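Residues or ranges marked as domain 'Fe2OG dioxygenase' by Swiss-Prot on the basis of sequence analysis: 78-182. Per Swiss-Prot, the feature Fe cation binding site maps to His96, Asp98, His163. Under the heading 2-oxoglutarate binding site, Swiss-Prot lists Arg173, citing sequence analysis as support.
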Amino acid sequence: MLLHIPTILSRTQATSMQERLAAANWTDGRETVGPQGAQVKHNLQLPETSPLRQELGNEILDALARSPLYFAATLPLRTLPPRFNCYQENHQYGFHVDGAVMSLPIAPGHTPASLRSDISCTLFLNDPDEYEGGELIIADTYGEHEVKLPAGDLIIYPSTSLHRVAPVTRGMRIASFFWVQSLVRQATHRHQLLELDTAIQSLTASNTDHNTILRLTNIYHNLLREWSET
């Protein structure tokens, strides 16, 4: 399921992040991938140890927690803290697939934990007219989909998808990206639950008979109980 979720960040929030990232100390993005990825990855990335990365990442996680659509679509169990990248002129990232299992940050005294990447997320931090190229291109069974969204908007898609970032030919593209392990492993099941949840919310808003809504809500939770992993 490819889903555009608008206005995760307000215009003010997105602009503030842009300004702080403009003065950031970026490193070569190839340092974060293996030999295969390094052949096709040409961008900049905030270092893992950057205090700014943690600061902005926490702001994004807070914003995600305020989005009912994001929660309904992802049903998050674990989230890898947001990362940040920058594509300048001639930067690009060829077709690649995200790692299936990723290590979560370890807090002192805690047991190491990992995350299964079910959902890939890209949050755009500057507007499309600020750069040329730089489209996120996602390939699935229906073909290739080009994504280039306003600042503050989020795109989510299954982590099983091959994807790339087209060459930037003018300006600079800044984004945050992260992965989610969902309570529900299968993308088709998540899609069905989102459709059902959306229908329930619509019926509730139209004051449909309470018993009808209750029956549908019961079906939703029973499906979630059947499909979820905790």
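Note that Cβ sites are derived from N, Cα and C of the backbone, with glycine treated the same way.
Highlighted in sequence order, Phe95, Val97, Ser120, Ser159, Ser161, Leu162, Arg164 have their Cβ within 8 Å of the centre of the Cβ atoms of His96, Asp98, His163, the residues recorded for Fe cation, and are not part of that set. In the predicted model, the domain 'Fe2OG dioxygenase' (78-182) shows an average pLDDT of 97. By a simple count of nearby Cβ atoms, those within 10 Å, the most crowded of the binding-site residues His96, His163, Arg173 is Arg173. Between the CA atoms of Arg173 (2-oxoglutarate binding site) and His163 (Fe cation binding site) there is a gap of 17 Å, rounded to the nearest whole number.
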